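This report refers to the structure that appears directly beneath it.
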Amino acid sequence: MRFVIVTGLSGAGKTQAIRSLEDLGFFCVDNLPPTLIPKFAEACYQTEGKIKKIALVIDIRGGKFFDDLFESLKYLKEEGYKYEILFLDASDEVLIKRFKESRRKHPLSPDGRILNGISMERNRLREVKDRADNIINTSELATRELREAINEIYGEHDQIENQLIITVLSFGFKHGIPLDSDLVFDVRFLPNPYYIKELKQYSGKDKKVSDYVMSFDVTNKFVNRLENMLDFLIPNYFKEGKRQLIISIGCTGGRHRSVAIANAIYEGLKSKGHKVNIDHRDINEDIHKGGKKL
């Protein structure tokens with residue numbers, strides 16, 4: 001089991017660090033009182049391998065509880081529980097700028113100067129910083145660069161390379177655009193199998209409907225251009241730290257055209273080695289509701 005304790009200065013990026021660890025498959029807990037670390041560790045180690053990666057954020061917000069951290073770490077060591085400490089640091093100038101931009105008060109100086117709070121916090125965290133296995137100074141790091149630094153230390157390289165999970169989702173506009181869509185494409189300009197008597201009762205998953213939709217030059221031009229666009233977008237989304245991408249393709253009812261196109265895009269992405277899922281949200285919606293136009 002990999003057990004990471006994330007700590008550091010307020011404003012240095014602990015929140016972003018824990019999000020990055022969560023993206024890497026860590027079970028994450030924010031602001032756990034240090035006195036609870038031993039019991040939490042025991043519970044996790046008793047899961048018989050179900051939980052393999054854990055990250056805890058421990059910081060000065062714990063107040064007097066933070067002083068119990070070293071006793072808890074001593075207990076972990078004595079009991080044979082392996083752990084790592086990640087310490088997030090930044091310069092005074094950068095921390096002051098971040099606090100002013102966010103209009104937040106420093107936890108150790110809520111009614112005073114930010115610099116005084118930073119100084120007090122540095123003093124209290126000096127020992128834990130000295131014990132840290134990894135220290136990341138975020139003064140010059142953008143969010144993406146911090147994420148990359150976290151990935152470099154804690155990620156599994158094959159996991160990092162394939163971490164963008166893509167979902168291709170077909171839907172019907174009359175049932176509403178999926179709220180979690182990242183990209184939405186309207187294919188209602190394509191010829192509609194609904195008006196072909198022998199195809200109406202089938203869906204875009206059926207070969208006869210798919211063959212009909214894909215038989216038109218306009219369809220193939222659209223699919224080719226969409227695939228080229230995705231070839232450009234996907235690596236750039238990943239570069240900026242995106243880890244999930246939902247591509248929604250809609251027609252009127254979500255049963256014929258959108259399903260056929262979604263399947264074509266899914267197969268194309270899959271053939272290129274992407275981690276991709278397919279979902280046809282409304283494929284049976286009009287059957288259940290007795291709707292007409294698809």
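Keep in mind that glycine also has a Cβ here, set from the backbone N, Cα and C atoms.
DSSP gives SER10 (ATP binding site) a coil state; it is part of no helix or strand. According to Swiss-Prot, the feature ATP binding site maps to GLY8, LEU9, SER10, GLY11, ALA12, GLY13, LYS14, THR15, an assignment based on sequence analysis.
In the structure as shown, the Cβ atom of ASP59 (GTP binding site) sits within 10 Å of 21 other Cβ atoms. If you look up Swiss-Prot, you'll see ASP59, ILE60, ARG61, GLY62 marked as GTP binding site, on the strength of sequence analysis.
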Of all the binding-site residues given, ALA12, ILE60, which residue's CB has the most CB neighbours within 10 A? ALA12
Rounded Cα-Cα span from ILE60 (GTP binding site) to SER10 (ATP binding site), Å: 8
Cβ-centroid neighbourhood (8 Å) of the ATP site, GLY8, LEU9, SER10, GLY11, ALA12, GLY13, LYS14, THR15 excluded: ALA17, ASP59, LEU88, ALA90, THR138
